Every structure is written in structure tokens, then in C-alpha cells.
Amino acid sequence: MPHAFKPGDLVFAKMKGYPHWPARIDDIADGAVKPPPNKYPIFFFGTHETAFLGPKDLFPYDKCKDKYGKPNKRKGFNEGLWEIQNNPHASYSAPPPVSSSDSEAPEADLGCGSDVDKDKESRRVMTVTAVTTTATSDRMESDSDSDKSSDHSGLKRKTPVLKVSVSKRARRASSDLDQASVSPSEEDSESPSESEKTSDQDFTPEKKTAARPPRRGPLGGRKKKKVPSASDSDSKADSDGAKEEPVVTAQPSPSSSSSSSSSSSSDSDVSVKKPPRGRKPAEKPPPKPRGRRPKPERPPSTSSSDSDSDSGEVDRISEWKRRDEERRRELEARRRREQEEELRRLREQEREEKERRKERAERGGSSGEELEDEEPVKKRSRKARGRGTPSSSDSEPEGELGKEGKKLAKKSQLPGSESARKPGQKEKRGRPDEKPRARPVKVERTRKRSEGLSLERKGEKKKEPSVEERLQKLHSEIKFALKVDNPDVRKCLSALEELGTLQVTSQILQKNTDVVATLKKIRRYKANKDVMAKAAEVYTRLKSRVLGPKVEALQKVNKAGAEKERADNEKLEEQPGEQAPRELAEDEPSTDRSAPVNGEATSQKGENMEDRAQEDGQDSEDGPRGGSSEELHDSPRDNSDPAKPGNERQDHERTRLASESANDDNEDS
């Protein structure tokens with residue numbers, strides 16, 4: 001359970017980045033900001049800053065005195081330990097206990113507030129005032145001139161500790177004017193060792209004067225301490241004698257040196273500039289000063305070491321610039337070299353390819369096919385070989401190629417840096433593939449030949465479409481060629497010629513019946529007789545190829561049937577009128593069947609003709625029998641069961657075509 005605290009309790013408060021700090025639970029004043037729930041208002045001794053902390057970060061002072069009450073190097077910590085013991089009721093309105101040239105009252109002095117020190121300092125001030133009253137007017141003029149010159153030169157001067165403090169106090173007493181620097185004669189009289197001592201001593205009070213609230217404290221909370229007023233600065237001048245630290249120098253801020261204003265204004269300026277150093281210590285706990293702090297701590301810049309450091313920084317910057325320029329030049333040179341090498345390689349590759357073409361042309365063979373397949377072979381060879389150094393056979397024309405490559409590189413560099421970077425990237429990618437380029441020429445030739453043959457085979461396979469595809473293509477060409485708007489007779493004739501040369505089977509024709517239909521229509525194309533004749537020729541070719549000798553047999557049967565009908569008609573005319581109507585009645589169904597209504601009607605007509613030929617016993621009986629036997633031998637499907645629907649359909653199709661051809665022949669005759 002965390003301890004419950006009351007206002008006025010002394011505690012050690014723990015902040016992140018700070019040790020356990022001596023503090024006090026503070027009262028909440030009327031109108032003040034109320035703390036969040038479960039937090040107490042804390043007043044830190046030494047820094048006189050406030051914050052809100054929870055009970056888990058607070059530890060009773062009496063219990064933890066031995067544990068956390070040890071001296072620490074942190075600014076204000078030791079002063080806080082002294083305050084919590086000797087002045088536990090201190091508030092942020094009281095001056096801090098640290099002794100420095102900017103402390104506000106002599107009452108808060110830590111180890112230097114004795115009466116003996118005050119007496120000594122007062123005597124010192126009295127003697128100095130007596131000496132310096134006579135020379136104040138002269139010094140004012142000389143010092144003001146020196147201040148102006150120092151401002152123009154940009155150097156902040158520092159004086160010995162005792163001289164500056166005495167002259168400051170004398171001037172404050174006489175004319176209330178503060179001069180930040182002493183005349184050059186006094187500065188030149190100093191030895192470099194003394195200036196180094198004073199510069200070292202200037203930093204000692206800054207380490208000790210950590211009790212100022214504007215500076216770094218344990219928490220950047222509410223800062224109650226404000227900039228001291230003019231009356232406080234006057235009291236400071238009188239209280240400076242009560243301090244035993246003789247290492248107090250004139251404030252080196254540029255405001256005091258340039259304007260030569262009063263001591264109160266100079267001190268207030270310094271105090272205004274110092275708060276940024278401890279603005280938010282919670283965010284930056286390290287004790288190092290901020291970036292703004294080094295401005296007032298710069299007075300030793302008059303020494304040659306500071307000027308050397310400034311010049312050294314300038315030299316470093318110039319060196320960095322030079323290095324950057326050198327790197328850029330090196331990169332540009334590398335890019336140019338890479339471009340030249342790339343161009344050389346491309347030239348060499350082109351020459352090699354030209355030589356190979358010549359060799360191929362000399363050797364003979366399918367030169368046209370090789371030329372067609374050259375471009376893909378080029379790409380593959382480039383990828384496989386990489387971009388290594390040129391071989392021994394290609395090393396002779398390097399001089400000429402180098403000149404050409406330089407010219408091309410200059411041209412390629414004009415568009416911009418992007419064109420220069422790309423070949424560099426290609427070069428880097430191609431470097432690991434340098435070795436494969438050393439292959440013998442014969443191996444590459446054989447490999448390319450094999451690749452060319454494989455490509456030729458693939459091309460042949462692709463170029464050879466199926467018969468069905470060609471048939472469909474020719475069919476579409478014929479249709480387009482015989483448009484009503486713009487007929488193309490030549491194209492139609494060429495397509496019909498090619499169609500007649502196709503090796504068409506019955507299966508293909510069954511799938512593409514529309515081709516046969518178009519051929520039938522074109523046979524009656526009255527616009528051009530050549531097209532009609534060609535279509536009839538192609539139609540008969542297709543029939544002869546598909547049906548074979550069966551067509552001839554059917555034609556013979558049809559001719560025999562026609563002759564028989566004629567003979568019968570003659571007999572009927574000769575016979576008496578009674579028998580004629582019977583025979584005519586018998587012949588009526590046959591004539592009705594012979595009408596080409598569908599494929600079945602044509603097939604039935606053909607069958608009736610065959611039956612009649614067999615009954616008469618004429619010489620033409622051998623024809624249909626032979627045709628049927630050949631039909632059985634030619635088509636494997638005829639050997640299968642005739643009861644199947646597929647076989648019946650094929651038979652009907654064939655008989656239909658045969659009967660139509662026979663009818664056409666009869667019509668022509």
C-alpha cells in the first residue's frame with residue numbers, strides 16, 4: 001500500500017531521469033491548478049520547481065534519509081538536501097540558495113553567507129571606489145570605443161576576475177553603467193595562462209549555481225521564478241561582496257557588450273537567455289547544455305584556438321565538398337566507361353552475327369528459314385553469353401570500336417543521367433556471366449542449328465492446319481468472294497480450285513454439310529459461267545472421292561432404269577387400254593417415291609431401281625452387285641451391323657448424293 005501524505009510532509013520524489021529528490025507535499029492555493037486524481041502537488045527543494053506525482057513515486061524523508069540523502073552531482077540536489085534540513089518551509093518566492101553573480105539575495109547563500117565575508121567584500125568595494133572614481137569618465141569613453149570595436153570584430157572578450165568585478169561595482173556605484181569588456185591595454189597585460197584560468201573559472205560557478213529555477217531541474221513543471229527586476233539587480237550588486245567565490249566575471253552576453261546598458265538590464269538579459277537551458281528537463285534529462293546555451297559561454301573565442309577551430313570547421317566543410325565532387329566525378333567516369341564497354345560489346349555481337357549469316361549463306365541450306373529464326377536466336381545468345389570481355393578473335397578491331405563507342409557514348413549522355421545509368425546497371429548484371437562467353441564457336445553454331453531446326457519443326461506444325469480447318473476457311477472465302485455488292489470472281493475460282501484438291505472424307509463432309517450446300521448453289525450462279533463450271537467440277541470431285549466406284553454403279557443403274565421405263569411406256573402404249581391403267585397404277589407409287597422429298601425419298605428411289613434391275617435380269621445386274629461389293633470393301637462402316645442408326649444414315653447420305661448426280665447427268669443429257 002502506498003503511503004498517504006499530507007501537505008507539508010517532507011519526501012523524496014522520484015522523477016524519470018533524476019535521482020530521488022528532496023521535496024515537500026505542497027498546499028493547493030486558491031485559484032491554482034488542481035492536481036489530477038491520486039496525485040500530490042510537489043515542491044522540489046534546491047530548484048524550487050513544482051510538479052504533480054503519484055504516491056508510488058514519493059518516499060518519506062525520515063525513513064529514506066539514509067538511503068537517498070547522499071550528495072549528488074546534479075545541479076540543485078545538494079542545495080535541496082541543505083534546504084530540507086535547514087529551511088523546510090522554503091517556497092518558490094524565496095531566492096535559490098546557490099551562490100553566483102546572478103543570485104537574487106544574499107539570504108540564500110549556502111556556504112558563503114558569513115558576516116566576515118561581507119565585511120571583507122565591503123572593504124574591498126570601498127577601496128576600489130576611491131581609486132576608480134577619478135578614472136571612470138576616461139574609462140567610460142575608452143571602454144565604449146573598445147566595445148564598439150569588439151562588436152564589429154565579432155569577438156567577445158573576457159577579463160580577469162578581480163579586475164572586472166571591482167570595475168563593475170565601481171561603475172554601478174558611480175554611474176550605474178555596465179561595461180562588459182575592459183580596455184585592450186588591460187587585456188593585453190594578461191598572460192595566456194591567466195586567461196585560461198579565468199576561462200576555466202567561468203565554468204565553475206555554472207556547475208554550482210544549479211539552484212536557479214529557470215535552469216535544469218528535476219521536472220519542467222510550473223516555473224514560478226520570474227526574471228529579476230531592476231531593484232533586485234541593484235541589491236545583487238551590493239550582495240556580491242558577501243560571496244567568497246572570486247571567480248565571477250562580467251556577463252559576456254552580446255546585449256551587455258554592444259549596448260553598454262545598466263547592470264540590471266545585463267543581468268536580466270542573462271537570466272532571460274538562461275531559462276531555455278532548463279525549459280523542460282523531463283524531456284531531456286542529460287545535464288549537457290542545450291544548443292542555445294553556448295552563446296553566452298563563448299567569450300574565450302578571442303584566443304587563437306577558437307579561430308583555429310572555426311577555420312578548421314570551414315576546412316572540413318570544404319574537404320567534404322571536395323570529396324563529394326571527387327566521388328561524383330568518379331561515378332561519371334565509371335558510367336562513361338561502362339557505356340563505352342557496352343557499345344563495344346554490342347558492335348562486336350553485331351559483327352559476329354553478320355559473320356554467322358555469311359557462313360550460313362555460304363554453306364547453303366534453308367537460308368530463308370534461318371533468317372526468319374535469327375531474331376529469337378539473337379536474343380537467346382545474348383542472354384546466354386552475357387557481356388564479358390571480347391574474345392581473342394574479336395580483339396583486333398578494338399581501336400576502331402573504341403572511337404565509335406566514345407562518339408556514341410557522348411551522344412547517349414546528352415539526353416540525361418537516366419540513359420547513363422541504364423547501361424551501368426546492365427554492365428553490373430552482366431559481369432557475373434562473363435565466363436560463358438568463352439565457349440567455342442563450333443558449339444554455339446551446333447546449338448543454334450539445333451534450335452533453328454526445332455523452331456522450324458514447330459513452325460511447320462503450326463503452319464499445317466487440319467483439312468477441316470482449311471475446308472472451313474475456303475468455304476468462308478468463297479462466301480465473301482461472291483457477295484452481291486462486290487463479287488471477286490478470281491478469288492472464288494482460286495478457292496474452288498484449292499477446295500477441289502483437298503483430301504476430304506465422308507466424316508468431314510457430314511460435319512460440314514453447308515459446304516456441299518454452297519457448292520450446289522454456286523452451280524446455278526448465273527452471273528459467271530466460269531464459277532458455275534468450276535463449282536460443278538469440284539462438286540463431282542468431292543462426290544467421286546467420297547463415294548468412289550459406288551457412284552459409277554449407281555449411275556449405271558439409273559441409266560438402266562431410265563431405259564427400262566421407256567420400254568415399259570412403249571409396251572403400255574401398244575397393249576390394250578385395260579392393262580395400261582393397272583400398270584400405271586402400279587407405277588404411281590414408284591414415281592411418287594422417286595420425288596426427292598428428303599434423303600429417305602432418294603434412297604428409296606435408288607433401292608426400287610436396283611430391285612427392278614434384278615427382276616428384269618438384264619446385263620446391268622452385275623453392276624449393282626459389283627458396286628455393292630466394292631462398297632462393302634471400301635467403307636469399314638458398311639461391314640458393321642446394318643441395323644445401327646449411324647450406318648443407315650451414311651448409306652442414305654451416299655445414295656442421296658449418287659441419285660442426285662445421276663439425275664443431274666440425266667438432265668444434262
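Easy rule for this one: first residue shown is 1, then count along the chain.
Cβ coordinates come from backbone N, Cα and C, glycine included.
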> Which one of Ser144, Ser199, Ser603, Ser628 gets the tag phosphoserine in Swiss-Prot?
Replying inline: Ser628
> Based on the annotations in Swiss-Prot, which residue of Ser99, Ser417, Ser450 is described as phosphoserine?
Replying inline: Ser450
> Which one of Ser191, Ser635 shows up in Swiss-Prot with the note phosphoserine?
Replying inline: Ser635
> Out of Ser142, Ser153, Ser255, Ser629, which residue gets the phosphoserine annotation in Swiss-Prot?
Replying inline: Ser629
>> Going by DSSP assignments with H, G and I as helix and E and B as strand, what are the residue counts for the region 'Interaction with DPF3/BAF45C isoform 2' (466-548)?
In response: 64 helix, 0 strand, 19 coil
>> Looking at the domain 'PWWP' (7-64) alone, can you tell me the average pLDDT?
In response: 87
>> Applying a 10 Å Cβ distance cut-off over all chains shown, what neighbour count does Ser659 (phosphoserine) have?
In response: 24
